[in-house]
Amino acid sequence: MDLTNATIITAMVTPFQESGEIDFDKLPQLVDYLLANHTEGVILAGTTGESPTLTHEEELQLFQRIIELIDGRIPIICGVGTNDTRDSVAFVKELATIAGIDAVLAVVPYYNKPNQEGMYQHFKTIAEASELPIILYNVPGRTAACLEVETTLRLAQLEKIVAIKECAGLDAITELIERAPKDFLVYTGEDGLAFATKALGGQGVISVASHVFGSSMYEMYQALEQGNLPEAAKIQRQLLPKMNALFSVPSPAPVKAALNHLGIPVGNLRLPLVACTPEEEQRIIRTLEI
């Protein structure tokens, strides 16, 4: 399944039990809820899924369970990015043997701080080893390294690299939409830029807010596609403070609090992340108006 119909992709949270183990029993309700609210693809074991605290075996178990639950209805994208190229290569080769995975998400190497040629060679090596399509993930606020537009454009020439989740701002998004091959999909990874990215001709958004406001975001994109710019802009303006509230303390604490409040139990977080304080949670829920 390709990504051409996936405009709102949810970077899915990972439910945990009180003991800290993955709560696989909570996944069916979460998946059904996301599908009912217009999620058009899911990313597993990404930033929002708390990938740094998941073991390799846990990730594989999570992927298998979600594959069973989604059953081909929307694309499944699995996080494989590490700051070790050989490790990432081994992971993409392993995932190619699992039926039901549609693409992988590979983040810019973090902590090492490679230069642009190092980033290019990192992703090129992964692409040459992968049987699955690859989405690049540029998030300089977390990795301390930024994939520059020129490097992304070089990578976009490679067969297996099909898209980017771009979190380096609207200038980078705009230039990529203008200059990249037309079949290279540009997603924003920032909910606040969901409207602007789509309006500029991008594919859409890889979203945290879609856990809570997926239906409203879908309506916004429908309005854009129908040429109703004022209505789409109105929805984005109304959503923006709510989107910002979901990042008012380290994510995914706010969105997990929101889901729990909505009756979609996803539990707590794994250290070093911590849950919202009662005061933070009250403020967030009040802003979200849920």
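Cβ from N, Cα, C; glycine included.
Database features (Swiss-Prot):
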| type | residues | note |
| --- | --- | --- |
| SITE | T47 | site 'Part of a proton relay during catalysis' |
| BINDING | T48, I206 | pyruvate binding site |
| SITE | Y111 | site 'Part of a proton relay during catalysis' |
| ACT_SITE | Y137 | active site, proton donor/acceptor |
| ACT_SITE | K165 | active site, schiff-base intermediate with substrate |
**Alpha-carbon spacing, I206 (pyruvate binding site) to K165 (active site, schiff-base intermediate with substrate), which is rounded to whole Å** = 7
**Message:** Given a separation of at least six residues and a C-beta threshold under 8 Å, show me what packs close to T47 (site 'Part of a proton relay during catalysis') in the same chain.
**Reply:** A11, V139, R142, S251, P252
**Complete:** Cβ density check for Y137 (active site, proton donor/acceptor), other Cβ within 10 Å (all protein chains) comes to 26
**Fill in**
the residue listed as 'active site, schiff-base intermediate with substrate' sits from Y137 (active site, proton donor/acceptor) (Cα to Cα, rounded, in Å) at a distance of 5
**Message:** Around the C-beta of T48 (pyruvate binding site), how many further C-beta atoms are within 10 angstroms, looking at every protein chain?
**Reply:** 23
**Item:** Cβ neighbour count (within 10 Å, all chains shown) around K165 (active site, schiff-base intermediate with substrate)
**Value:** 26
**Asked** At the level of the C-alpha atoms, what whole-angstrom distance separates T48 (pyruvate binding site) and the residue listed as 'active site, schiff-base intermediate with substrate'?
**Response** 14
**Message:** If you count other CB atoms within 10 A of each CB, which of Y111, I206 wins among these recorded positions?
**Reply:** I206
**Message:** Return only the integer: C-alpha distance in Å from Y111 (site 'Part of a proton relay during catalysis') to the residue listed as 'active site, schiff-base intermediate with substrate'.
**Reply:** 19
